[in-house]
Amino acid sequence: MSVPTHQQDLIALLEERGFVHQCTDRDGLAAHLAAGPATAYLGFDATADSLHVGHLQGLMLMRWLQKAGHRPLLLIGGATTRIGDPSFRDSSRPILTEAQIQANIDGIARVFSRYVELHDDSLVNNAEWLDGVGYLEFLDRVGRHFSINRLLTFDAIRQRLDREHSLSFLEFGYTLLQAYDFVELSRRRGCTLQLGGADQWANIINGVELSRRQGGAQLFGLTMPLLATSDGRKMGKSAQGAVWLNAERLAPFDFWQFWRNCDDRDVGRFLALFSELPMDEVRRLGALQGAELNEAKVVLANAATALAHGEHAARSAADAARGVFADGTRDSGLPVMKLSRARLAQGLSLTDLLLEHAIQPSRSAVRRLAAGGGLRLDGTPVSDPDTPLAGEVDGLRLSLGKKQHLHLRLED
């Protein structure tokens, strides 16, 4: 990929690719990034053990910044996860245990490390400073700098109240905690840039303002557009559920298929955001029409899957899509999965079959599916997926859960 030098306007590149919604000081930030390596942070509350494609825009933005020589920080909200960000939510989140939070932190860090190079000090937990600050101390350090009148004007809070949904004091204080996070990261790690979705604008502004009022460093904020697909669905979801970046939650094949099946209108935009192709090539692919646009969708699927799961997984998924589904569908409308008689004679099991075609991520995932009754041949549950398949499988329907069904076809 082409990486801009510090003398070039990195912000212009990010704007061209569609990463920028708002900046607290666009020209000041451009000059700050051009002046030398800066430290930027992206924060996640540890509400799940993986991230999904709705988070991918931030990961790619951080990747571009690191490629340009800047330092990434991953802030995990070990403390704020106990509260939950009320931004544009109608209800509070359930409270997690410490063990659940730690397991989620470990999972998020694994996903993050596939997109940026993490060092020993790249992962930060805000429990490091929030767990030790007393209530009265926090009010003195932070609370006195904020007006309730102004906080009530922020969209995230105002919309919640306008809908007459309850907003606890615990949640109301979240924005102050996030502002404090930014100031502490500036003080402890020299961090000067916070990244976030457009719904985080108020929280980011509060951090910038808090640093100014306390006489700290000049801080910057950059928000990304909140992504939705052209058919109106929130990015991160599919008809089958969340599109996770962790192979244990979603098989690489299904991840690849998500991108391959995207709306024609989204191809150019997604290539700019979720691949590292030069923009000239992005524009060429995005301008393709009709059947030729499928070429661009395959490029997108390969690029996104290679970043999330590695080149091998991307190739396996692409090969599976070509080999398994190349002949279209039978009268039933189900995809056809081909099996060679020679491979079957070698003792091929359902577990082997699903792994070889990258339809399931691991043997344990296949066994869990079978144990839950979700793996069936012509409607009959398969209790032991490791048993070699018999020759009578030709024409049978293989079901994985309630929504994924395939026809098996034997070939010489």
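Cβ coordinates are placed from backbone N, Cα and C, and glycine is handled just like the others.
DSSP assigns Tyr41 (L-tyrosine binding site) to a strand in the three-state reduction. Around the Cβ of Tyr41 (L-tyrosine binding site), the number of neighbouring Cβ atoms within 10 Å comes to 23. Residues or ranges marked as L-tyrosine binding site in Swiss-Prot (evidence: sequence analysis): Tyr41, Tyr174, Gln178.
Here Swiss-Prot flags Lys237 as ATP binding site.
Feature annotation from Swiss-Prot assigns domain 'S4 RNA-binding' to 348-411. Looking only at the domain 'S4 RNA-binding' (348-411), the predicted model's pLDDT averages out at 87.
Within its own chain, the motif ''HIGH' region' (46-55) is flanked in space by residues 76-78, 81, 84, 93, 96, 101-108, 111-112, 227, 234-237, 242-246, 248-249, 258, which lie at least six positions past its ends and keep a Cβ under 8 Å from the stretch. For 46-55, the entry in Swiss-Prot reads motif ''HIGH' region'.
The motif ''KMSKS' region' annotation in Swiss-Prot covers 234-238.
Comment: L-tyrosine site residues Tyr41, Tyr174, Gln178; largest CA to CA distance 18 Å, whole number. DSSP assignment over the motif ''HIGH' region' (46-55) gives 3 helix, 1 strand, 6 coil. The most densely surrounded of the binding-site residues Tyr174, Gln178, judged by C-beta neighbours within 10 angstroms, is Gln178. With DSSP states grouped into helix (H, G, I), strand (E, B) and coil, the domain 'S4 RNA-binding' (348-411) comes out at 19 helix, 19 strand, 26 coil.
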